[in-house]
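Taken from Swiss-Prot, the feature ATP binding site covers GLY624, PRO625, ASN626, MET627, ALA628, GLY629, LYS630, SER631, and the record attributes it to sequence analysis.
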Amino acid sequence: MANLTPMMQQYFDIKKQYPDSLLFFRMGDFYELFFQDAETASRELEITLTGRSCGLEERAPMCGVPHHAATGYIDRLVSNGYKVAICEQIEDVSQAKGIVKRDVVRVITPGTLIDTQLLDDKKNNYLMSVFGSRTGFGLAYVDISTGDLFATEIKENIHPQMLIDEMGRVLPQELLYFIETDKEDPTIISMIKKRFDFYTNGYEEWSYEDTFALNQIKDHFNVVSLEGLGFHPSHLGINAAGALFHYLKTTQKRALEHINHINVYSIHEKMTLDINTRKNLELTETIRSKSKKGSLLGVLDKTSTAMGGRMLRKWIEAPLIDPVIINKRLEAVQLLKEQIELRQELKESLKKIYDLERLAGKISYGSVTPRDLIALKNSLSYLPSIINGLEKIQGETFQSLVQSIDPLDEVHSLVELSILEDAPLSSKDGGIIQEGYHKEVDELKNASTEGRQWIAQLEQKERVNSGIKSLKIKYNKIFGYYIEITKSNLSMVPTEYIRKQTLANCERYVTPELKEIESKILGAEEKVILLEYHLFIEVREKIAHEITRIQQTARAIAELDVLYSFAEIAAENNFIKPHINTSNEIKIVEGRHPVVELTFNKESFVPNDTYMDNRDCSMSIITGPNMAGKSTYMRQVALIVLMAQIGSFVPASEASIGIVDRIFTRIGASDDLAQGHSTFMVEMSEMANILNNATANSLVILDEIGRGTSTFDGLSIAWAVIEYMQQYKKSKTLFSTHYHELTELEGKIQGVKNYNILVEEDGEEIVFLRKVVSGSTSKSYGIQVAKLAGLPLNTLIRAQEILSDLEKKNNEIKIPAEEEIALSRESEGNSRDTNGIQLDLTSFSYNEIIEDIRSLNLLETTPMTAMNLLYQLQKRISSL
């Protein structure tokens with residue numbers, strides 16, 4: 001490429017350093033893209049693809065976007081998974097000798113967005129790094145827009161699902177990873193890519209190496225040991241965090257001083273919620289529409305600030321298990337709930353506070369604007385009133401918040417004295433600095449103002465001297481100041497006028513006097529713009545030294561905002577303060593579903609009681625027809641427990657919650673086609689996770705276990721699950737089913753209790769009463785529900801005929817007596833021999849064989865097919 005033009009050679013030299021990024025190459029007022037980058041951007045952004053001479057035989061494909069409008073275009077590209085390298089002109093064009101110097105100042109990726117226009121204000125934008133070794137996983141993730149940085153490791157009971165679950169909680173926008181075993185077994189990364197749609201990036205192995213990673217963290221925090229940060233020497237989070245810092249250095253190309261703290265945590269210090277539970281309980285978004293409205297977050301979010309909204313989301317995604325911390329939150333909510341006037345005052349102040357966390361990030365980044373600093377000043381002005389209000393409330397939490405909220409008086413004063421209230425968005429266009437802040441700025445502005453007055457006086461003088469009443473003196477950036485004369489008055493133009501430009505309707509002229517005045521005006525304006533810019537940078541750097549204080553205040557305001565939100569919701573919806581304890585009991589009186597009752601008419605929602613423990617009522621078997629409300633009730637219990645453990649009041653008239661370490665849910669039927677799993681396979685995989693990981697302190701929600709297979713297989717599995725849970729786990733379990741045979745287990749297996757949803761029959765119609773009561777029901781009302789769903793009448797009539805026929809032929813499945821079950825368990829031993837139960841289950845297999853023979857169409861069966869069927873039947877009977 002010896003024939004390339006100098007500019008294009010410069011482009012290629014820079015592009016070679018960023019082969020995986022779209023290079024936005026600054027040329028004047030535009031960012032230009034060339035060759036393959038141009039073709040990609042043209043397609044993705046739907047902009048015109050043109051060409052440019054580059055020294056080669058063919059023109060270089062090219063497209064471009066205006067630099068002042070680039071943000072929206074970059075957002076579209078990054079949202080589609082592209083990296084964008086921003087290449088700026090790094091020297092003044094007027095002082096450049098030859099080609100102006102250019103260099104990449106930042107690489108923008110999905111996980112490194114900082115522009116608030118591109119971010120959800122109430123959701124963190126995380127970049128995650130994962131290190132997979134043969135001993136476990138290390139995770140580190142950061143939101144560079146706020147400075148939040150976290151690290152953890154997974155070492156005990158290592159399973160990829162634990163990694164998936166933690167990723168499901170954090171939901172990063174971008175993932176860096178290195179898995180030691182990936183070449184031997186790519187299963188883990190395959191699982192991640194199939195499960196999530198965020199941008200994944202296999203990163204350099206050496207950046208995860210122990211010593212390199214350790215030094216990256218030490219260098220950033222300027223420490224000699226990581227123990228003070230919360231890491232033990234072999235913590236796998238070190239490897240992940242070290243690679244994360246290296247990636248940030250190479251893409252952001254600046255010190256990220258607002259990332260000044262790392263939160264090293266254990267995944268066991270909060271309630272564990274696997275990815276299925278988060279989805280099934282619709283904690284932050286609904287299953288169908290993926291929207292916040294209709295989720296628990298949508299109900300609880302009365303926050304007024306962006307920081308508060310993000311903190312609320314974090315609390316919902318990671319409920320507490322420490323009753324001391326939970327009760328402190330609940331006490332704070334109680335005190336705020338009682339202070340009606342103060343809550344209103346807080347709301348008025350909170351809603352006027354800017355996003356201080358992301359503002360601190362922009363200050364550190366150097367991307368803060370004059371208007372941002374005005375927003376900071378205005379936000380700080382409301383802090384004294386918030387502090388005064390909190391000082392009126394007794395309580396440890398509020399005393400702590402008062403200590404943490406720093407009004408930053410000197411920062412407020414600095415901005416008030418230095419930055420104009422109506423300052424422009426850009427820091428490079430002047431009009432920023434307050435009068436009286438800097439003597440030279442004032443003098444230059446006066447000179448510029450006087451110059452404009454001279455222009456007005458000159459315009460009036462030239463009109464008189466020339467006799468041209470329409471004469472005007474105008475200005476543009478290309479020609480500067482000029483005298484404009486219309487075509488009809490050209491004969492009156494004085495001879496000393498110098499023609500500058502001819503247009504269709506007028507001529508433009510200059511005079512020596514005009515050029516002299518122009519020189520004074522423009523010289524003063526250029527100087528003041530440059531000086532104001534430097535003064536703005538000076539103010540910004542002074543504030544940058546207070547970033548830690550701004551972040552501390554932001555966190556305190558966020559916590560206050562969430563507590564306010566909880567208090568407001570409790571007051572509006574008659575939520576009560578739950579009693580949190582370390583017992584193994586859950587007692588809820590007149591509990592209500594927090595989302596459903598607010599979505600529909602509050603008065604029409606039917607409350608229900610719940611009692612569960614680890615001994616006498618650990619397994620609640622719930623029967624009732626479809627649409628009766630079984631799933632709503634079970635989700636309701638789970639949500640009330642979760643709300644209590646994040647420190648929120650709950651929808652009930654009374655609630656006593658023993659701390660729950662995990663919530664499991666197996667709800668609904670959905671094929672996981674992307675991973676080649678059927679409905680039943682998904683169901684069994686989720687069930688295996690529950691049976692393997694539930695504890696006596698877990699809450700388990702099981703909806704229709706076994707319905708993804710044949711009736712007898714499904715019943716067998718459901719029955720076995722109940723036995724296993726009761727014998728080995730003792731978890732508090734809500735188990736809804738249409739297998740009415742399972743209700744016979746009450747009184748035969750300790751802890752099993754039957755409940756049903758009341759239904760009222762009115763002739764052929766049914767009315768769902770939504771009330772959960774003790775006891776079982778033997779009717780499913782399936783045909784009545786089908787009628788409500790709108791099935792054709794002839795189909796319903798035929799279904800009723802078939803049902804009557806089947807009921808006549810029905811053979812009861814025998815549930816063994818309590819003594820038989822106990823004997824069966826004793827005979828199991830370590831070998832898990834299930835012969836005791838198998839005697840009863842044999843009838844299931846015989847019935848299945850009979851059904852297979854009965855359904856055989858002999859007229860369509862060939863001799864060869866018949867022989868094969870006989871062989872299979874003989875084989876199945878022999879195994880019984």
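The first residue you see is number 1, and the count goes up from there.
Placed from the backbone N, Cα and C atoms, the Cβ positions cover glycine too.
Take the binding-site residues MET627, ALA628, GLY629, LYS630: by the count of other Cβ atoms within 10 Å of each Cβ, the lowest one is MET627. All protein chains included, SER631 (ATP binding site) registers 20 other Cβ atoms within 10 Å of its own Cβ. Around ASN626 (ATP binding site), a 10 Å sphere centred on its CB holds 18 further CB atoms from the protein chains shown. Excluding GLY624, PRO625, ASN626, MET627, ALA628, GLY629, LYS630, SER631, which define the ATP site, the same chain contributes SER736, ILE757, PHE768 within 8 Å (Cβ to the Cβ centroid), listed in sequence order. PRO625 (ATP binding site) has a Cβ environment of 22 other Cβ atoms inside 10 Å.
A simple way to gauge crowding: the CB of GLY624 (ATP binding site) has 28 other CB atoms within 10 angstroms, across all the protein chains here.
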